[in-house]
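**Q** Sharing the record's features from TrEMBL:
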- B:12-33: transmembrane segment (TRANSMEM)
- B:39-58: transmembrane segment (TRANSMEM)
- B:65-83: transmembrane segment (TRANSMEM)
- B:89-109: transmembrane segment (TRANSMEM)
- B:116-134: transmembrane segment (TRANSMEM)
- B:166-194: transmembrane segment (TRANSMEM)
- B:215-234: transmembrane segment (TRANSMEM)
- B:254-277: transmembrane segment (TRANSMEM)
- B:289-314: transmembrane segment (TRANSMEM)
């Protein structure tokens, strides 16, 4: 029974991380209709920056604050000077650009930090264990779950309850109308992209101590995040949440029950969704 | 006046190219003959990819799943079926890639645009994972070595372990396939694919089942990529997981895009440039993938037509006929 | 097929777009060889009606019978092969390709040259001859090799008709073929339509009442997603409800 609970928690922690990654991806897609292949590369940058900041200051909280900021700036620059430029050439070129960017970032990371795994070590209370109802569990994994809940809540609040969220959603539906209202739509898009990048940077910081920091980490999470989006439905925050939860549990119990096929389970889920409901659980029918 | 009779100006460079390739081993050192063989193999891979990207407008990040399937089937078949001929090994690879194309295509092609691109990447990752985990068959990270058998066909005996002989074997067979691909772009199916990209709705109302046409093309290009993969395994006499990795998809994407998606021979040029750059750069620096990536981004930003597009526009500027051929890139020909 | 000479029967057709009801129980019949005009104010649902009949949209309710067979919800390409063809209100062609290839794409489909991996499209004598015939029929013979994007507006409308005819339909649906034309152009276009649809069944959406009354054998008046009246032109002309709803101001 306690083992069962531990695996549920493992699943939840991984779901939290997946949600942190995929929420930014789905935000950018939902708002700007751009599928950002470089999203996971931003996430990896977050992890590496965090590693370096920890080396330098030893303060995890500082890297949690700084990395999203750095990625925010990078995201804004990418949108302003690269993405906007190819927008006129159409969708295909946007995809190619972000794909090329991911490629360059991965190679750059190998160059700067080396092509091997780095260990991110924490200190303080995050490294501890907590006992509850007879279960002993690492604090850090609970902390991840907490972060995911906080980010998810904040995002849905900003998105559905504030003026900014209304403007952003309106900008998607009717570009010119919102432009005519005196709102700078290109600026809004730049900020949305930057926020997406910041979110992935944050996820990278969080992932550092949980997973290994190595140049393949981007490709690894990208596929899982894509599966989350396919299963949950493109551009849907709620879908991303639900799909993250399902895949987190599948992952946790897959490793427990059918260790060799845990990956296959996730693909099986994706294939079933593709056949039964191609637009995803929360997706709108085309 | 009748349409599509070949432009006489384009015939001469073609003949020169074929002549040059046939004569190449006479004056090139073996190292470069070997390199040229690699270019030929990748040219087929890139041409197949461009039929998907340039002609049908389908951006796939999963082409390596077919390439890798072809490479593995050839390696496994040659290892486990004693006495298997080269031709049969290649045909088995093509058959396997065709099957993979039908099955994945049926799932993937329910979506278009970004969604399609995302799914192809995810499926490529699945193929990669299977190749890594299925150690008993694929050798996992260790890879598989391939014994390149000799060719015995209709009384002709060729020693394919000889570099020059294998070069001619690849040049003639792959050249014929690429020639067929060129023919394909003029066939009913080839034109249908292009017209569906241009205006899918109208095609439906003209009586075409556009889903069928997309699936046929996807499977066809998958089969071609599988064939290229088979040659790749024979060429390197080795198949590793890199053959089925996302990097192998990136490779073909870079080749195709650098060469230019707007013309039939662009990707062939891309395969040549990429392979030569790879050869030179990887001698000088370990950072060549980074340099390739930067070249790619710069081209996406500033030269979306690729090298062949650049050549066409320079030629037009020199001839002072800019604008006359405005509709050309879409025609997807013009060598 | 010859059952009471009907080629098309639309029964109680409904179509709504996320709650907005555009077709609210449309029923009418078209006889073999008839020229049937659909008129109605803007937003009455005329184009939606065409879209549902020709398979672009699936109806939310009701049924469509073609030559006595139920064709409700069938995809466009199947309907096309059953000899139903339509034109679009805004020219819907392959802009960057030549006029010849545009029309040929419909002709070759009819000849079974759709997905052939070996036969070249430009070497089929029958297809090329038929394509040329069609181009001359609509007066585009001289611009066969020009890309569509270089054509004048009138020529693009003629191309739209040629594309519609290219699959050799029995039932032809034309969506405002004369929209945006001058009076002279309209007269010419109507002559063309009259010529090319002889022996076929025609359903036409048209705003110009002179055209409607001179061309049509029967007229259906669509109003707020319903058929207000469907009858011979002189009956429609005298129908008080139609006058109130539509013709009065015209």
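Backbone N, Cα and C define each Cβ position, glycine as well.
Fair warning: this is a prediction, and the values are worked out from it, not measured in the lab.
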**Q** Please identify the stretch among B:65-83, B:89-109, B:116-134, B:166-194, B:215-234 with the greatest number of Cβ pairs below 8 Å relative to the transmembrane segment (B:39-58).
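**A** That would be B:215-234.
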**Q** State, in range form, which of B:12-33, B:89-109, B:116-134, B:215-234 has the highest count of Cβ pairs under 8 Å to the transmembrane segment (B:65-83).
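**A** Most Cβ pairs under 8 Å with the transmembrane segment (B:65-83) come from B:215-234.
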**Q** Can you work out which residues elsewhere in the same chain, 6+ from the ends of the transmembrane segment (B:166-194), have a Cβ less than 8 Å from its Cβ atoms?
**A** 4, 18, 21-22, 24-25, 33-34, 36-37, 40-41, 43-44, 47-48, 51, 55-56, 148, 151, 158, 160, 203, 208, 213-214, 216-217, 220, 224, 227-228, 231, 234-235, 264, 268, 330, 332-333
**Q** Check for me, if you would, whether the transmembrane segment (B:89-109) reaches the transmembrane segment (B:215-234) - at least 3 Cβ pairs under 8 Å, residues 6 or more apart in sequence.
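**A** Counting Cβ pairs under 8 Å, at least 3, so yes.
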**Q** Which residues, given as numbers and ranges, are at least 6 beyond the ends of the transmembrane segment (B:116-134) yet have a Cβ under 8 Å from it?
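**A** Same-chain contacts beyond the flanks: 58-65, 68-69, 72, 100, 104, 107-109, 140-141, 241, 244-246, 249.
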